[in-house]
Every structure is written in structure tokens, then in C-alpha cells.
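Taken from Swiss-Prot, the feature Mg(2+) 1 binding site applies to E92, D115, L117, supported by sequence analysis. The Mg(2+) 2 binding site annotation in Swiss-Prot covers D115, D118, E280. According to Swiss-Prot, the substrate binding site annotation covers D118, G119, S120, S121, N211, Y244, Y262, L263, Y264, K274.
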Amino acid sequence: MEIIKTLGEFIIDRQKDYPDASGELTSLFSSIRLAAKILHREINKAGLADITGAAGDENVQGEQQQKLDVYANERFKNALAQRGVVCGIASEEEEQFVRFEETKNLGGKYVVLIDPLDGSSNIDVNVSVGTIFSVYRRVSPEGEHVTEEDFLQPGHKQIAAGYIIYGSSTMLVYTTGNGVNGFTYDPTIGVFCLSHPNLRIPEDGTIYSINEGNYIHFPEGVKKYIKFCQEEDDATQRPYTSRYIGSLVSDFHRNLIKGGIYLYPTSSRYPEGKLRLLYECNPMAFLIEQAGGKAIANPGQRILDIEPTKLHQRCPLFVGSPKMVDKLEQFISELG
């Protein structure tokens, strides 16, 4: 008889790897798990309830907020505040970081950075969306209010990161710096079950993911790499397959499983890149490196080594199978 291991059991088993955690990480993940279940329920009702479409406001990025963006942000914020182990969060949907003012939260060891609903514009057309999260140990003294410096830490200081993908099934994939594991939600019993242990990205792949509609705005090195992917060469299994959903979590998850590269370069429209370093690039870079992959912003510039200077800092992102990222890096180094 096959023994099913739940997310809660798995985290408790791994707690011995972090003797200083004293159960706080278990509690923190319990909050994330709860909010994910609530969001799973609401997303599955999209189209039946009045939760799709624009909310009528813009977020700090100047992007149209969807109703589910607002809903997801509130659910995760409330869940993380309840346990007392998190002293504050920073969200892609909020201009400033959020202090948790309760006395129990002042002693919290951790801060969480989150993109509550990545790809939310796809909800109306029933395309997979996701949540991305990142956990750091605070640098300010415990017992005091959280500060901006607690959030402006380089990615290599993350102690946990992950994403939840709401697709044909709902999955939670995470790392605490000791490999990557995936858990599929079973709504009949209300638990996440270990379904993808020790995830490893293939060293090479045949899928590239980029919005080619913006080709004219890309740097020359990226244009050359796209042409390389499209050329015919039996020895390298080219032409490669182009797959782009427009939801970072969905594109990343597919490439993690099958092997591939995701590209979001700088452009004439977005000279600093479009994705957010703290909410998207850092957690995905931590995950991919733990799965045997590679993530860079520019040639020789590892995502996890970038020192952030502001909460909503943007950054180019090239992430995926290491051999594909290395090849892209060659083109950018030569042509810019």
C-alpha cells in the first residue's frame, strides 16, 4: 500500500534540518497553505461568481488590478498575520511594505514577499495563474517594528521560496535550500500531497518561452538567440518549440518539468526589465538553482547576487535549463 505524505508531514520531517526554526517555518507554511486553499476555491468559481474582470484600480506598477488580485492579496496578508511568526510582508500589489502591528507579530522572525496572483489577467480566459512567495529572516531586532531593510535583502539570503499554480490541478512547489519538492492539492480531503519529490530540471531542453510579439524591442543578443532556436539542426534537436502562456508561474513550471528556458529581457519599452526582482525573479531563481538550473539577469550576473535598492525594483530574467541559459549568455555577451 502506497503511503501518502502530506505537505504538513513533509515539513515537520524536514524541520530537523533547521534546528533554529523551532516550528516557526511549519507555522508559516501552514498560513500559506490555508490561503492557497481559499484561493483555489475562489478561482474554481471564476465565471460563476462576480470575481473576474478589472477591479477599477491600478497597482503601484501602473497595471490594472483584477478583482482576484485584490482578493488574493487580502487572503494571504490575513493568513500570514494570524500566526505571529511573520512580522511583515511586501506585496507586488502594495506600494509600501505592510507592518503587522500585533504584539505577537513584533517578535516574528520572518518577512514574506509575495506576488499574490501572477498572471491574473488570464483569469477571464481560464488560463492557469499562480502565487509566488519568498521568505527571509528579518535583519531588524526582534520585538521591534519591521523595517524596509528587512525586505531589501539579496536573493541568496532567502530561507524559503515557492509558488502555487492553479491549473488543471493546484500544486505547491517550494524549496528551503535543500532541493525542490511539489505537492498536489486533493480537494476531496483538503490536503496537499507529495506528488513530485526532488524535482530536477533537465540539463538541456527544447522549449523557449518569450513573448515574441515584442521581438522588435529586444536587445540584439536576445534576437540572435531566438533565431538560433528557430534554425534547423538535427544534432541539437532544433528548431526548438516556442511555448509562452503569459503567466510566469505556468511557463516556469512547464520548463522545470520538461526542460527549457524562460526569457524576459530588457527592451526599449522596459530598459530595466519588466519583472520584479523581489516578488518574481528572486524566488524563481532560488527554486531553479535548487533544481539544478540557472538564473541570470545579464552575462555573469546571477539573479541571487543582486543587491536590491527598492521594493518594486525591476530586473531582466533568463531562467531554466543550465545549458540553454549558458548558450543565451554567449549571444548576449557577444552582441549585447
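Backbone N, Cα and C define each Cβ position, glycine as well.
Known features from Swiss-Prot, placed on the structure.
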residue	record	Cβ neighbours (10 Å)
E92	Mg(2+) 1 binding site	23
D115	Mg(2+) 1 binding site	28
L117	Mg(2+) 1 binding site	31
D118	Mg(2+) 2 binding site	27
S120	substrate binding site	27
N211	substrate binding site	15
Y262	substrate binding site	26
Y264	substrate binding site	24
E280	Mg(2+) 2 binding site	25
Exercise. List only the single closest residue to L117 (Mg(2+) 1 binding site), chosen from the binding-site residues N211, Y262, Y264, E280 by CA-CA distance.
Key: E280
Quiz item: Hey, for the Mg(2+) 2 site built from D115, D118, E280, who else sits with CB inside 8 A of the CB center?
Solution: E92, G119, G130, T131, I132, L248, V249, L275, R276, Y279
Quiz prompt | Within 10 angstroms of E280 (Mg(2+) 2 binding site), Cα basis - binding-site residues out of E92, D115, N211, Y262, Y264 | solution = E92, D115
Practice problem: Can you grab the distance from D118 (Mg(2+) 2 binding site) over to E92 (Mg(2+) 1 binding site)? Cα atoms, rounded to a whole Å. | Solution: 10
Quiz item: Excluding E92, D115, L117 themselves, which residues in that chain have a Cβ inside 8 Å of the centre of the Cβ atoms defining the Mg(2+) 1 site?
Solution: D69, A72, N73, S91, E93, I114, P116, D118, S120, T131, I132, Y279
Practice problem: Look up L117 (Mg(2+) 1 binding site) in the DSSP assignment and reduce it to helix, strand or coil. | Solution: strand
Self-check item: Alpha-carbon distance [E92 (Mg(2+) 1 binding site); Y264 (substrate binding site)] in Å
Solution: 18
Quiz item: For E92 (Mg(2+) 1 binding site), which of the binding-site residues S120, N211, Y262 has the nearest Cα in space?
Solution: S120
Quiz prompt | Residue pair N211 (substrate binding site), D115 (Mg(2+) 1 binding site) - Cα distance, angstrom, rounded | solution = 20
